[in-house]
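Notes follow once the structure below has been shown.
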Number of protein chains: 2
Amino acid sequence: MQAGKPILYSYFRSSCSWRVRIALALKGIDYETVPINLIKDGGQQFSKDFQALNPMKQVPALKIDGITIHQSLAIIEYLEETRPTPRLLPQDPKKRASVRMISDLIAGGIQPLQNLSVLKQVGEEFQLTWAQNAIISGFNALEQILQSTAGTYCVGDEVTMADLCLVPQVANAERFKVDCTPYPTISSINKRLLVLEAFQVTHPCRQPDTPTELRA
Amino acid sequence: MQAGKPILYSYFRSSCSWRVRIALALKGIDYETVPINLIKDGGQQFSKDFQALNPMKQVPALKIDGITIHQSLAIIEYLEETRPTPRLLPQDPKKRASVRMISDLIAGGIQPLQNLSVLKQVGEEFQLTWAQNAIISGFNALEQILQSTAGTYCVGDEVTMADLCLVPQVANAERFKVDCTPYPTISSINKRLLVLEAFQVTHPCRQPDTPTELRA
């Protein structure tokens, strides 16, 4: 199978898509975006065509090297193994464990509880509190963990996969009106990351499918 | 820091703890179990001592090589990198991507939605339906994915990290009375794995903290 330019199926606001967009940007991988609008038409992720691509009916999915990968961390690990420069996992196995622990905490312990499909099930009345609880409980733990792993960024002074998870999750926290003042470590790392080019060009307010009123 | 025998903080019924127990068994790593009862005393994971160990107040956590790692997949990846034999990730990056995709689908897309702390929030009346919905929606996707990745096991013919996630999740499905007949691929892989020694000795019904009435 000959693969052309990688294709990223993405939604501007999806925090999991943003993680992968940052990885692609940092590694300088040129790709094409196919927007999947999670709201329009009852959710384009439910279309037959997209379900064939990702039976989980979620973004992101990445077509690359003749295969389609979904699950953002699996995509990032694949990019890391096949395009190792610049690296997103440290060399030291103990530091790699810290990076994966933080990434999994966000990708498995926070985001799944406040994503669109779960909030739909919770019901409109309780959505905000539900999402806030998930984020606050995760951030309480994360703040404590980062105090022993962080340097300039989440783990030491290099940008790692953990940072790719942190920034989009903080954006979700802001969207759900979580007060981030009890999280000075999270907030200051987030601030330092947001000024980096790879985080700026991949920001939800600058995507091909960002609605005009949300563009910046 | 001199490390003695690794210590696994585990709960017999926790599916995430079971994943790690299988990895330790397959790799022949001798370890000590410290049971954390998620129900007794209002939940021993909420104790000050345990929170200092894992601020997420979840099992498993593994003390090894002078560090403490939590998040089951981060633990398994660390074991894989430091004790590579027998391997739990294939050599081919594309197959590794499939393994991680399936693992993340279960660890991030199914289990977090049906774990104890979330079900508590959902309320007793809706717990069973909520858990079943999460598992059914995940298994619908997983069955389809496995049809293109599976051999004897989830990805090809070697036991991988994906299998370590599958078996405990099927056990949860059975506990929540999910009808697994629509999932012949999942069911037959699960059956083939359950007879392997590493899956048998680590089974929830054979742990130091398994209550007498549930032992087998």
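Including glycine, each Cβ sits where the backbone N, Cα and C put it.
What TrEMBL lists as domain 'GST N-terminal' is A:4-87. The domain 'GST C-terminal' annotation in TrEMBL covers A:92-212.
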> Mean pLDDT over the domain 'GST N-terminal' (A:4-87): what is the value?
Replying inline: 96
>> Just to be sure I understand, if DSSP states are collapsed into helix, strand and coil, how many residues of the domain 'GST N-terminal' (A:4-87) fall in each?
In response: 35 helix, 16 strand, 33 coil
> So how many of the residues in the domain 'GST C-terminal' (A:92-212) end up helix, strand or coil by DSSP?
Replying inline: 85 helix, 2 strand, 34 coil
